[in-house]
Amino acid sequence: MARRLLTLLGLLAAAVASPVLWQKDCAKGPEVWCQSLRTASQCGAVKHCQQNVWSKPAVNSIPCDLCKELVTVVGKVLKDNGTEDEIRSYLEKRCEFLPDQGLASECKEIVDSYLPVIMDMIKEEFDKPEVVCSALSLCQSLQKHLAAMKLQKQLQSNKIPELDFSELTSPFMANVPLLLYPQDKPKQKSKATEDVCQDCIRLVTDVQEAVRTNATFVKSLVAHAKEECDRLGPGMSDMCKSYISEYSDLAIQMMMHMKDQQPKDICAMVGFCPSVKSVPLQTLVPAQVVHEVKMETVEKATVQEKTFSVCEICETMVKEVTGLLESNKTEEEIVHEMEVVCYLLPASVKDQCKDFIEVYGQALIDMLLEATNPEAVCVMLKCCAANKPPQQPVVVKPAGGFCDICKMIVAYADKELEKNATTTEIEALLEKVCHFLPESVSDQCVQFVEQYEPVVVQLLAEMMDPTFVCTKLGVCGAAKKPLLGEDACVWGPGYWCKNMETAAQCNAVDHCRRHVWN
């Protein structure tokens, strides 16, 4: 169902894994250098591509957005003084999620070979993750995308568009005289009586003749135009060649349309000769055009964005997790897949979806693992209203109903607190955590904190794993007794507040004074 993030690094592997370039290939310029990070590295042009090609605006797409999220995470790790080994471990771990072993191996090879280059780019372009993703071929150039769409639109219709010749002829038409009349050959000067119109007609006539008789004329014209780009200097030269590479096909199409038309009519269209009458470039036939009404309907439909409630997000996650459990996925893989689902939802609910996973994710997985009816999970989590009784009996969880709320609190603590948090920080979080959970479970949260606060503080200082902490407390699991091992302090307030000695033993004197002895 949702496998796009798992294929992200696979796309990266396929995009960067290009054949080794020979020196003659590198001599072809930026068009070859900037195809991928591998080609740029082989041609020693990483900095050039980073500054002049990959920094251009990119098209929004799912692979591009996911890549930018991944690069942002790595950037934050670098900002927090994360080591290269930590980042390598993180990326290689993501490579292991790829379903295809070949792509997984290729992904790891790319990480091993180009990680220093990628890290340097992330440090330099921390606020522009799209630059790194363009280098990895996961973000597409907006300029190329628009040019391709424009060309594709023309190819899908045989309608002759109204072309702006003043825009399309430069710089190709500007180089036609140089190609037809080389400067090293002396030419007779035009007579003073010859006007611009006659010059245009002669030029168009020569171009038409060259197109008809010389099969290589068009290609040589494009090559000559690229050579002329070198006259513009280092900064503009590459941009000029890039422009020619993108728009040369369109210019060639224009020339092919010109070859069967009257030169005077063409010169009249571009304003060099007086217009006698309106003459089309060629005989028009019915065009394959989509009706405007139909196009408006489609555009309006795509703008509308579905809104999602917490209940709908929960039901979506239950359906996803149920399918993953049937596929024997590990809990780590399931959580990863749940995060992928958030990226496939509208942007307006992406953060809400992530918060849902942080608070309810582990509890949802545990309930489904314990054979809870999927239709009842969201109702039991108080995310959906109980409109109708479940069709199948629900397996009621033991331990007084504190298991789910315990896991929510521990998951929240794990998210908000740093590693090695002090007991003071943990106590401060427990005092306010109930205000951040859904109102439907706030009373149960307060009861839980009042009863288990001291031992929860001790366990969270040891480990912030929801399953470990809540099982250790005895509120989760199938144990008949809430006691695990011989530690009497996990028995709860009934033991802590028995007397001052037991309260001191379990570090619960303040708790007993506030809630029991007063």
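Even glycines carry a Cβ here, placed using N, Cα and C.
What Swiss-Prot lists as signal peptide is 1-17.
Here the domain 'Saposin A-type 1' (19-59) has a mean pLDDT of 77 out of 100. According to Swiss-Prot, the domain 'Saposin A-type 1' annotation covers 19-59, on the basis of sequence analysis.
Feature annotation from Swiss-Prot assigns domain 'Saposin B-type 1' to 60-143.
Taken from Swiss-Prot, the feature disulfide bond applies to CYS64-CYS139 (among others), supported by sequence analysis. Around CYS64 (disulfide bond), the same-chain residues six or more apart in sequence whose CB sits under 8 Å from its CB are ALA58, GLU130, CYS133, LEU138, CYS139, GLN140, listed in sequence order. Under the three-state DSSP scheme, CYS64 (disulfide bond) falls in the helix class.
In the structure as shown, the Cβ atom of CYS133 (disulfide bond) sits within 10 Å of 25 other Cβ atoms. In the three-state DSSP scheme, CYS133 (disulfide bond) falls into the helix class. Residues annotated as disulfide bond in Swiss-Prot, with sequence analysis given as evidence: CYS67-CYS133 (among others).
Taken from Swiss-Prot, the feature N-linked glycosylation site covers ASN81 (among others). Counting every protein chain shown, the Cβ of ASN81 (N-linked glycosylation site) has 7 other Cβ atoms within 10 Å. In the three-state DSSP reading, ASN81 (N-linked glycosylation site) counts as coil.
Among the features that Swiss-Prot reports, disulfide bond is placed at CYS95-CYS107 (among others).
According to Swiss-Prot, the domain 'Saposin B-type 2' annotation covers 193-277, on the basis of sequence analysis.
Around CYS197 (disulfide bond), the C-beta neighbours below 8 angstroms that are at least 6 residues distant in the chain are LYS264, CYS267, PHE272, CYS273, PRO274. Under the heading disulfide bond, Swiss-Prot lists CYS197-CYS273 (among others), citing sequence analysis as support.
A 10 Å cutoff on Cβ-Cβ distances gives CYS267 (disulfide bond) a total of 22 other Cβ atoms nearby, all chains included. Residues annotated as disulfide bond in Swiss-Prot: CYS200-CYS267 (among others).
In this structure, ASN214 (N-linked glycosylation site) belongs to neither helix nor strand by DSSP; it is coil. Annotation comment: Swiss-Prot describes ASN214 (among others) as N-linked glycosylation site, evidence class sequence analysis.
The disulfide bond annotation in Swiss-Prot covers CYS229-CYS240 (among others). DSSP assigns CYS240 (disulfide bond) to a helix.
Look at Swiss-Prot and you will find 307-388 tagged as domain 'Saposin B-type 3'.
Of all Cβ atoms in the protein chains displayed, 15 besides its own lie within 10 Å of the Cβ of CYS311 (disulfide bond). According to DSSP, CYS311 (disulfide bond) is assigned to a helical segment. Per Swiss-Prot, the feature disulfide bond maps to CYS311-CYS384 (among others); the stated evidence is sequence analysis.
Other C-beta atoms found within 10 angstroms of the C-beta of CYS314 (disulfide bond) number 21, with every protein chain shown included. Residues annotated as disulfide bond in Swiss-Prot: CYS314-CYS378 (among others).
Cβ neighbour count for ASN328 (N-linked glycosylation site) (all protein chains, 10 Å cutoff from its Cβ): 7. The N-linked glycosylation site annotation in Swiss-Prot covers ASN328 (among others).
Sequence-distant contacts of the domain 'Saposin A-type 1' (19-59), counting only residues of its own chain at least 6 positions beyond either end whose CB sits under 8 Å from a CB of the stretch, comprise 114, 117-118, 121, 124-125, 128, 130-137, 139-143, 145, 238-239, 241-242, 245. The local packing around CYS353 (disulfide bond), expressed as other Cβ atoms within 10 Å of its Cβ over all shown chains, amounts to 22.
If you take the Cα of CYS378 (disulfide bond) and the Cα of ASN214 (N-linked glycosylation site), they are about 73 angstrom apart, rounded to a whole number. Break the domain 'Saposin A-type 1' (19-59) down by DSSP state and the numbers are 21 helix, 1 strand, 19 coil. Spatially, by CA atoms, the disulfide-bonded residues CYS67, CYS403, CYS445 include one closest to CYS353 (disulfide bond), and that is CYS67.
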